[in-house]
Amino acid sequence: MHYLKLTLAILCTTTLFAQTKKSTSSPEKLARPKLVVGVVVDQMRYDYWYRYFDKYGEGGFKRLLREGFNCRNHHYHYALTVTAAGHASVYTGSTPAIHGIVGNDWYDQKLGKGMYCVADSTVQSVGTSNSAGKMSPKNLLVSTITDQLRIGNNFQGKTIGVAIKDRGAILPAGHTANGAYWFDSRTGNWITSTFYMNDLPQWVKDYNARKRPSELMKQNWNTLLPIEQYTESTADDKPYEAKIAGAKKPVFPYDLAGIAGDAYGILASTPHGNTITKEIALEALKNENLGKGTATDFLAVSFSTPDYVGHAFGPNSVEEQDIYLRLDRDIAEILTALDKQVGKGNYLFFISADHAVMDVVELWKQNRLPAGRLNIGQMVAAAKAALKEKFGEGDFITISENYQIYLNHATLEAKKLEVADVCKVIRKRLLDFDGIADVINLHDLGNANINDYLLTLYKNGTHVKRSGDIQMVIEPGWMSGSSTATHGAPYNYDTHIPLLFYGWGIKPGETFGRTSVADTSPTLAALLKILEPSGNIGKVIEDVMKK
């Protein structure tokens, strides 16, 4: 009996030791993707998934729709839907009222001058001798999901941002990025600033040395498919479309080789803009060894070209359809490269947009839809005249930007006037104009007599130190500016964008529940098991997390 007990004790001790040794030598490791790839398509409206669906290939957008999780009722949560604010909101989970990027540009009352969203006079250009590189994320007042990932893995992972537009590369990459690169249209090179580094990496220098923009500009732009197959678009020759590349008419093919002068400036308005963006992104993937380390890396890519083409030709044009058919192939190539370098199932991929776009005003009017164009300069002149008539001589208005009026507070103080006094006069005058739904005092939004839904959007978009004093609320279907088509309104045609998650940790599916752009970053944070960005107001999209 004593012998049996001793034998059992030895067996138990041996088993326990073996289990302990096994547990100690092979601890369970927290599951995270090797790489996160964020793609923002500038001006991609939600319906583009489906308008051109039958013409897409199997490996790009269709692959994402087939294997990813699609948020089909995804909207912006503030009024001024523009590029800088959109990129900032996607990557911060916040809103302009908090992250501070209220537009591409705004007026700085304290400095008495206009401010570009990523301008930074304290840094120098890297990769060019001109001022195109004097940029950084310093105007972004909160952290990004890319920052939180870097902090969360103790800066062992890398973050790289690329885009033709500086703001499309800088804002997503955040404050802690290892690099952000954008296109200098004056030299045809990819550049950066001393905020990130003092010299370009060799792989960027090598790509620039290939002179790809010059090579691509020798090629004409013709349709990918026979033009007769572009049945989802209006006729090729429309009088309201812009004429690019010296063309006498806005029709295919476009002779890019014959452009004189600064040819690189037109590159972004052709499919070649997407081509070089894809190529520099793939160069970053390979040469920075993204997805190869022990910590999760992040590659933020923004395709700027669809916005340039959308502004020039409109969302119903053959040109815009051709851009998306080609972008579909670019996305397929990126996914294939990720499969090869990182491994399918090892990377988390998401795709969204910084804003959508309204159809061309003239197209709506031709089809008896309510639409029109605003002349903001004429309206501001009328407002100035009304103020002079009411209060006498004075420089009451400093500037108009983003459908907002910035008042001269020195004049108001000298005349002992409140913003409310001035707003009342301006409102009465501007309501005489077609296309103006209301005029509201941004310092007193609580008493604004507008729809609660719109009121929330204006509150979310108003930063007390950066926004104007008075807001012009435009009617649906109206726009300002000389572009063929544009965006910037609080209505569905500008707010409804795609959001789709694919890859690591994602099961195929979709939700029709309304989601906000602010929900993108906290959902990524939940998947990555890290903190949300510092200004986050969004919620985790729980349906994405379901297994």
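Any Cβ shown, glycine's included, is placed from N, Cα and C.
According to TrEMBL, LYS165, ASP166, ARG167 bind substrate; the candidate from ASN104, ASN208, ASN220, ASN222 that the record adds to this site is ASN104. For the binding-site residues listed here (LYS165, ARG167), the lowest count of other CB atoms within 10 A around the CB belongs to LYS165.
Of the candidate binding-site residues, ASN104, LYS165, ASP166, the one lying closest to THR83 (active site, phosphothreonine intermediate) when CA atoms are compared is ASN104.
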